[in-house]
Amino acid sequence: MISLQNSVLKPFILFGLIIFYFNFFINLITDDRSSWSLAYIPLALFILYLIKNRRLYISPLVFVIAISSVLAITLNEYIFHDHQTSLDSDFNQQADQFIHQFLYVIPLIFLGTLFKFSNFTSSTFKKIIFASIVFSLIFNTYLNFRFDFERGLLIPQFKSIILYDYCIIALSLIGLVLSFKLKSKSAFLFITICLINISMITLHGSRGAWLGIPIAFLMIVAYFYKTHFKHTIFMLLASGILTLGMIFMPNSPILERVDHLKSDASLMEKNNYNSSIGTRFALWAFALDQFKQSPYVGQGFINFRNNICQPHAKNKIPNCQPHAHNIIFQELAAHGILGLINILILASFSLYFFIKNMIKNSNQHTQLLAFSGLISTIYLIICSMSDYVFYFSFPTMFLFLIILTLMNIIYIENLNKDDNNAIQLT
């Protein structure tokens, strides 16, 4: 009887997972304010699984990554900064969403169990990734041409254009890595699609999103040039042509943003920090001062923002920003050493998992997944140095979902060699 029920449940859970991922990526790409309520889908599927099944497949590293932010940020805020408030009601609402969003990461711990039971494989996930990138290319090409590649016109179309750009480029980099192992013609086709999609996002003019791209490309070249030389040369030539096209196109957004960078540097030489980069430097210095005043648990998310606005009123900081535009400085100021430890756990545990499976795993397929995870993790770490990726829900959900999904898939593929590592519920 249980076997019969499971035969019905398996395709249902598989279909539910596919719907969950497509729903998330479509919301992400269209910037339809991706809701953490989507996390209820895997949670509901997991509860259905538990009705007749008692075996759990949970990676210890996945577990630690999923609960780390709950302990360091959510509980920190509840225990030490519970009654903080701002005169800005919109920011209070945003702060409430920020504090609670990490609770919704917890259901992602059970993805491995659902993957194992439903036979949700890396092949299924790859198809979802490639379909999402094709949709992203169509959507962002349409937007860019509709608004004539004008950053000023594009910004209102997104809740946060720079955080949006981080996510879509990270998604495209994963697709780019996975493209190298496709059959010959398909490989070149999807390498091209991923590169064009990255170019379309680059033309948004978010300079922070540019920083990690050359490093990611260098890593891809170093990884593939011996085994996939033609693909590597093609990627370099195609990216070179696209780069030249972006530079020499009429009213190039790239050249415009480079000119703004020069202007920012010129202002800073005159001790004028009233610019994008200047504001960041001022905020980083201010965040360190705030950390020194409360080094263990920080000022709290709301209080730190309130404290930013006070020196802004006295013209000591150019803008009343909601955060420090750097994940390390932000966490040091808002959540102290606990926040810093959390960031170190998220980064080091993810990197360790992917590097370990690249080096020690003999399965080339698993190595490729691990490398795609490594590329996306390093890219997002670099992006986090110029912004705070946890501020809005969609980049937070993307970061945790993409990393924990890849980790769970790799974990389950490794477990398939030895099914004795499950946790048995009694």
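Each position is counted from 1, following the chain as shown.
Placed from the backbone N, Cα and C atoms, the Cβ positions cover glycine too.
As annotated by TrEMBL, transmembrane segment applies to 12-29 (among others).
If one looks beyond the transmembrane segment (35-51) by at least 6 residues along the same chain, the residues whose Cβ comes under 8 Å of a Cβ in the stretch are 9, 12-13, 16-17, 19-20, 23-24, 27, 101, 104-105, 107-108, 110-111, 113-114, 117, 393, 397, 425. For 35-51 (among others), the entry in TrEMBL reads transmembrane segment.
Beyond the ends of the transmembrane segment (58-79), by six or more residues, the same chain brings 99-100, 102-103, 105-106, 108-113, 297-298, 300-301, 335, 338-339, 341-342, 345-346, 349-350, 352-353, 390, 400, 403-404, 407-408, 411, 423 to within a C-beta distance below 8 angstroms of the stretch. Taken from TrEMBL, the feature transmembrane segment covers 58-79 (among others).
Here TrEMBL flags 99-117 (among others) as transmembrane segment.
Per TrEMBL, the feature transmembrane segment maps to 129-149 (among others).
Marked as transmembrane segment by TrEMBL: 161-180 (among others).
According to TrEMBL, the transmembrane segment annotation covers 187-203 (among others).
Residues annotated as domain 'O-antigen ligase-related' in TrEMBL: 194-343.
Summarising the annotation, TrEMBL assigns transmembrane segment to 209-225 (among others).
Marked as transmembrane segment by TrEMBL: 232-249 (among others).
What TrEMBL records for 332-354 (among others) is transmembrane segment.
Among the features that TrEMBL reports, transmembrane segment is placed at 366-382 (among others).
The list of residues near the transmembrane segment (388-411) in space but at least 6 beyond its ends in sequence, with Cβ under 8 angstroms from a Cβ of it, reads 21, 24, 27-28, 31, 33-36, 38-39, 57, 59, 61-62, 65-66, 69, 73, 94, 97-98, 101-102, 104-105, 108-109, 111-112, 115, 121-122, 125, 159-160, 163-164, 166-167, 170-171, 174, 322-327, 330, 350, 353-354, 357, 361, 366, 369-370, 372-373, 376-377, 380. Residues annotated as transmembrane segment in TrEMBL: 388-411 (among others).
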Notebook entry, point to check: By DSSP, how many residues in the domain 'O-antigen ligase-related' (194-343) are helix, how many strand, and how many coil?
Noted result: 111 helix, 0 strand, 39 coil
Next item on the list: Given the cut-off of 8 Å on Cβ pairs that are 6 or more apart in sequence, determine whether the transmembrane segment (366-382) and the transmembrane segment (99-117) share at least 3 such pairs.
Entry: no
Next item on the list: Counting only CB pairs under 8 A, let me know which of 12-29, 187-203, 232-249, 332-354 has the most with the transmembrane segment (161-180).
Entry: 187-203
Notebook entry, point to check: Are the transmembrane segment (99-117) and the transmembrane segment (129-149) near each other by the rule of at least 3 C-beta pairs under 8 angstroms (pairs 6 or more apart)?
Noted result: no
